[in-house]
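Trainee: This is the structure I want to talk about, given as structure tokens.
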């Protein structure tokens, strides 16, 4: 087994080799790992993005491309990453020493992307914390139009008859979000984002404080925190589902959500949306699955873990649609309009405008507002834990001599960097920065990274060697279905998303603001700044390593004597480390 001391012959005297992973931290319990993976995969996007994408792309008919993309694309990639992390027991950077060293730049690209995500994602959690604090009042502040931040366009239609809703009308919830939480009206756009809002900065500081003390000691502490952060959202979802089902007009929302529009399946965009949704929902390529599974026992059943956690994630997305659309049906009933008119908001707007607006007009509104934003905070924290753990594990495994006994200090430095990087998103135009980072900081870059990762594992490392690695852990070789997916279908699935997104770019807008051309250029620079590490490292490896291209690409597999610093031999049954 690769996790025992084994004598490796170097001359006449066997030399004992100490395996790096012998002293590696481990999960206290299997359930800690499962909750951490589920907590990472089930995030805010499950609550808002899937319901919106589903109704927009044919309702119940959308479930056909969604399931097909999950079976042939998302789940195989999810399984691949869990198996890779568990077998090699290392993070996203140093794992390439064992797979294909010329692709090591993928690990650096993943870490940069994870940093960009931390710059904007935690700000969204800070918004939820601001709402959570504001919810502790007998009358929620986004209920009426009588507040200092309201304008003459504020229109409250709940409980009132003969209210005229025009294109200029703004609900109290929308004005609370845009004018009180974000203060977007005091920013003219990305060219003038204004000053930092100290209230949001305080919220973000509290979020990062929780994150630090959850991650500073490793998976033994974060594995305990997720018992709360990963399970509480399901309790809240269940409560909100029951409440939503009892609202007048709820059935209208459910019908709108699931009514199949079969003609939609003929549109290419529907299949692209299904592929993108399942990919970003499961989250392969972010380095998180590699990091979390690297702390598992060598013989852990990662195949079963992949199936169980993928099913939980997809079912959560589906159930979230009922939670959202029962409430949207209720709003349509109150406004005397169609469900489509109140479901036009997507993204954070659905979570910070539409749903709070409906909650504010329910009986027991304060209670439901509090638990809803608790759910949002815990959903966000889980994903943050995973994203930062990916960076921590990758860097610490790459520089173990320097960082092994300095984890607390390194995590503190990382959290400080993430906090400082988030400051631009806390300005009065910070929502524009969040949108730009969300679109270009992750977007096509992460999909291209995963495409190269899947290609490197299947074609350079070799599908047979990878299958033998899984057999060493589980006792059996993956079936033909998984091999075909890894070699051909999953890479094609990723290439399909990349090409479609490049050929059909959508204009970038937020509310009534259309992003200027120069900001799109900045966005592409942000995207390139992460992906560029892959070709840079390839050139570096080719220039500084002697031998042919094949020898350089497979130096850790085919030439252990020429690179004894870290290598796998044969099927990976032995490892040499310094």
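Sequential numbering from 1, following the chain as shown.
Note that Cβ sites are derived from N, Cα and C of the backbone, with glycine treated the same way.
Source: prediction; values computed, not measured.
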Trainee: If you check TrEMBL, which stretch out of 144-170, 225-251 is marked transmembrane segment?
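Mentor: Of 144-170, 225-251, TrEMBL gives transmembrane segment for 225-251.
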Trainee: Taking contact to mean three or more C-beta pairs under 8 angstroms, with sequence separation of 6 or more, is the transmembrane segment (195-213) in contact with the transmembrane segment (307-332)?
Mentor: no
Trainee: With every protein chain in view, what's the tally of Cβ atoms within 10 Å of the Cβ of residue 281 (Na(+) binding site), excluding that atom itself?
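Mentor: Within a 10 Å radius of the Cβ of residue 281 (Na(+) binding site) lie 22 other Cβ atoms.
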Trainee: Between 33-51, 105-133, 271-295, 440-460, who has the most Cβ pairs under 8 Å to the transmembrane segment (409-434)?
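Mentor: The listed stretch sharing the most Cβ pairs with the transmembrane segment (409-434) is 105-133.
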Trainee: Around the Na(+) site formed by 39, 41, 42, 46, 281, 313, 379, 382, 383, list the extra residues of the same chain whose Cβ is within 8 Å of the site's Cβ centroid.
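Mentor: Along the chain, the qualifying residues are 38, 40, 43, 45, 283, 316.
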Trainee: Check each residue in the chain of residue 39 (Na(+) binding site) that is at least six apart in sequence and keep those whose C-beta is under 8 Å from its C-beta; list them in sequence order.
Mentor: 226, 229, 230, 382, 383, 385, 386
Trainee: Return yes if the transmembrane segment (367-388) and the transmembrane segment (480-499) have at least 3 CB pairs under 8 Å (sequence gap of 6 or more), otherwise no.
Mentor: no
Trainee: Go through the chain and flag residues at least 6 beyond the ends of the transmembrane segment (307-332) whose CB is under 8 A from any CB in it; none is fine as an answer.
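Mentor: Apart from its flanks, the transmembrane segment (307-332) reaches 34, 37-38, 41-42, 46-48, 50-51, 54-55, 63, 66, 70, 74-75, 78-79, 234, 237, 240-241, 244-245, 247-258, 278, 281-282, 338-339, 341-343, 350, 354-355, 357-359.
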